[in-house]
Amino acid sequence: MSSCKDSLSLMAMWGSIARFDPKHERSFEGPEKRLEVIMRVVDGTHVSGLLAHDDDVWQKVIDAICAHIVSREFNEYIRSYVLSESSLFVMKDRVILITCGTITLLNCVPLICEAVSTVCGEVEWVSFMHKNYSFPWEQKGPHLSMAEEFKTLRSHFPSGQPFIFGPIDSDHYFLYFHSDVVQPSCSDDAQLSMTMYGLDRNQTKHWYSDKMLPTGPETAVIREATGLSEVVDDSWILHDLQYEPCGYSINAIRGSEYQTIHITPEEHCSFASYETNTCALNYSKCICGVLRVFDPERFSVIVFIDPDSAVGKSYHSGGTIGVEPEYYPNYEAHHRTVNEYTPGHWVLKVNYVKRAVGTVGTSAASGAKE
């Protein structure tokens, strides 16, 4: 509990789990930490980039955070790993590592940087992000507080900058990013992330098991029963895992695209996350599909808007991008954050709370542009 002396840690406790009861012996930290390292290709960089590394390299990265690889799927563009606590994606020019629970994600930064150096690449862009933790007092190492995370990240990337997106006393994201872009280039990456709380109990009952179930007929039944098969359809290569006694993860890849979903079903701390890099002019169809599966009491959606991406072009031309309140009449938008965190790169985050029965309608988001 020493971290509670840090005012930012105290603030981070507010709002994530609305009905937290300390009498619960087991409360799992669903909200993930996310680390992305993008490599600059220079003269002499291995033609396959980070894909030149075999699994031994990534196993060492995972060992550094005390997790392990459960399953893997590959295609020409992506190596996808389901981990004991979340996911790893490796592409030619980047690594994306997403971990839940009390995993000390920042401990693997030196090994990822070493992997970049080994193939004669250079670190061009780093981002570390997480939703405010549900149970921050249970975190370990550099994740005991935002101050410790900032200190650790600054030691690795001194020119990086920290941001908080959203109200500090409620649902918000902490982002630290480092940019060493030498010359402007086409910037068309896409990232849509959702965090959902208070999941539909008729759905969460499916994510309990008396044994761990890897991808197979039994997990196919779970996907069909819950509607996940509509989100991750047959066009995707998938691998999933039903945890024992509860919890579920799925990774899916299609060409250079990925989707990942992680579920904590316990009633007192039910949570699900969704992320994809799929390009779209408007994300409403994707978001609505995810909401149909989980029907959460509240959710946050965050979109990173690169200037040359499909969603970036739509946003800058004045079009809607699918996160606006008119798409979600069963929810009320409680706060919106818009931030140009580096020139030309914007982030848009909206917090939604389910409306009371009989009050369905359309509302404008409250909050401010930051």
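The backbone N, Cα and C atoms fix where each Cβ goes, and this holds for glycine too.
Per Swiss-Prot, the features are:
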- Phe28, Glu85, Glu266: substrate binding site (BINDING)
- Glu29: active site (ACT_SITE)
- Glu32: active site (ACT_SITE)
- Ser86: active site, schiff-base intermediate with substrate (ACT_SITE)
- Ser86: pyruvic acid (Ser) (MOD_RES)
- Cys100: active site, proton donor (ACT_SITE)
- Ser249: active site, proton acceptor (ACT_SITE)
- His262: active site, proton acceptor (ACT_SITE)
- request: Identify, among the recorded positions Glu32, Glu85, Glu266, the residue whose Cβ has the fewest other Cβ atoms within 10 Å in this structure.
  value: Glu266
Message: Please identify, among the active-site residues Glu32, Cys100, Ser249, His262, the one with the smallest Cα-Cα distance to Glu85 (substrate binding site).
response: Cys100
- prompt: Restricting the comparison to the recorded positions Ser86, Cys100, Ser249, His262, Glu266, which residue's C-alpha is spatially nearest the C-alpha of Glu32 (active site)?
  reply: Cys100
Message: Helix, strand or coil for Glu32 (active site)? Use DSSP.
response: coil
- request: Whole-number Å only: compute the distance from the Cα of Glu266 (substrate binding site) to the Cα of Ser86 (active site, schiff-base intermediate with substrate).
  value: 17
Statement: Within 10 Å of the residue listed as 'active site, proton donor' (Cα basis), scanning active-site residues Ser86, Ser249, His262, I find Ser86, His262
Inter-residue C-alpha distance, His262 (active site, proton acceptor) and Ser249 (active site, proton acceptor) (nearest angstrom): 4
Task: Inside 10 Å of the Cβ of the residue listed as 'active site, schiff-base intermediate with substrate', count up the other Cβ atoms and send me the figure.
output: 23
Field: Cβ packing number for Cys100 (active site, proton donor), 10 Å threshold
entry: 23
Task: Do me a favour and check the Cα-Cα span between the residue listed as 'active site, schiff-base intermediate with substrate' and Ser249 (active site, proton acceptor); whole Å is fine.
output: 7
- prompt: When you measure from the Cβ of Ser249 (active site, proton acceptor), how many other Cβ atoms are you left with inside 10 Å?
  reply: 24
